[in-house]
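Enquirer: The following feature annotations were taken from Swiss-Prot:
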REPEAT    115-136  repeat 'LRR 2'
REPEAT    145-166  repeat 'LRR 3'
REPEAT    173-194  repeat 'LRR 4'
REPEAT    201-223  repeat 'LRR 5'
COILED    234-645  coiled coil
């Protein structure tokens, strides 16, 4: 506010002290979003400075310029500055006696400004200048942002009301219009009532103090009630559609998140399967290397077996040589028996000992040969068993690898099938949801259009009935007025005639009294004249009685007309009650439609809950598939552990066999 005050003082050659003091007071006040210069007489220079400052130098939400005595040029400069302003929401210009130039500037402001929501123009006499007010109404019709307009005490006549009605037909944002204490009259009220058939946004229209009939005021109030009900229904439907769209977007986000999580878990499972495949391939390669090592060990065992067979052949050769030596010794003994007979006993003993020793050695060598043969047989059996085990392990390994590959392929196929089925189910559910939403929206739009048509028809019928009622009332009033005028005329005429006759009789009586004084001698003549006068008086009385009877007949006619009027009014009331009953029936039908809308919303909620249950079922199926995958992984890990156990058992058996064979070779060497 201080910057605004300095800018104002800089722009004005002679700034107004009252304006500076008001700006200084407002700058010290806590609320700085309001420019309040009410009841300050602003000069033309001040208006020009404010018009230059308002577009961008100040950020005010409210501008109060009431009772400032603004001139035409000052108003033009101020409103020209507000045309490009985008922060002012409320403008107060009451009590400034705006004229044609001001009205045209207001129309231009309403055409160009897009931020003003409230405009107060009380006590300005805008309706006096028809051209300026028509320009203002054109600007109001082109504006789609103003929500509240105050036009109290502006001397607006029925022509101005017609211009306002034309503007309201084109305006789609104004919600409150105050036209109290103007001169709108019957024609202006009807024009405003007719414009309300096309304007559905106006919620409040004040017409007090405008000489507008009560039936038109009631019709305007009913139209306002219809507009308010329509706005509430539209706001409720918009809120519900926004809530439903948000829920649908949330469901879509949840579905996409769940699908992405599922894809991530599937990718992780694939990675784990690939890693387990790589690990199993590494283990298979390790087992292949172990088999190769076993083959090399078998080759070494075969070489050792050949060596043992060679050693066995050498031992047999030794046995053969020993047999030859035994035969040679026998021959030598036989040849030397003759020469050494003396030494025979001693040599016999020695020979027997040697023979026993040789026989023991021979039996020991035979036993060793048998033991070695048994070991060779056992080794051959063990080799065959190990070959069978190796072959069985190879078959088991190939079977397990084939089963693993088959299970992996089946798992991938199942995953692909589940993906396709899940995608298909998602697409089907999405298409069904879209179809249901479209059907509901179409049904709601059709029902809303039918309701609007019914409301318009009922409003037209109501307006026609009100016009007929007003016409009947006017006709009854005119007839009653005519009857009263005729009765008054008849009464006046009877009174005049009676007065004339009374005056005439009085004159005659006066003449008779004068004649009695003058003509006492003519008593008979006077008596005759008195008799004639009595006869005439009787005739006059009879005529007066006839007039009274005529008056009574006229009174009876008037009473009959009153009764007819009452019957007509009762008939109109009955018809109005019937129309009200029809309107209430239509209202009940509308309530039924609302209940149907609520039922449809409940069905939509049920469908959304079913959709959520289907999603939960899908999540359960996904969890079951995950559990199956986990069980398959557990089976694979168990089979891998069994293979590792078998490999370790085979390795231990081979190591035991190798250790046993090495012990056998060491014993043979010994």
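A Cβ is built for glycine as well, from the same backbone N, Cα and C atoms used for every other residue.
How about a rundown of where these features are and what they're close to?
Expert: Along the repeat 'LRR 2' (115-136), the predicted structure has mean pLDDT 92.
In terms of DSSP secondary structure, the repeat 'LRR 3' (145-166) contains 9 helix, 3 strand, 10 coil.
Long-range Cβ contacts of the repeat 'LRR 4' (173-194) within its own chain (Cβ-Cβ under 8 Å, at least 6 residues beyond either end) map to 127, 140, 143-158, 160-162, 164-165, 201-213, 216-217, 219-220, 223, 463.
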Enquirer: Taking DSSP states H, G and I as helix and E and B as strand, how many residues of the repeat 'LRR 2' (115-136) are helix, strand and coil?
Expert: 10 helix, 3 strand, 9 coil
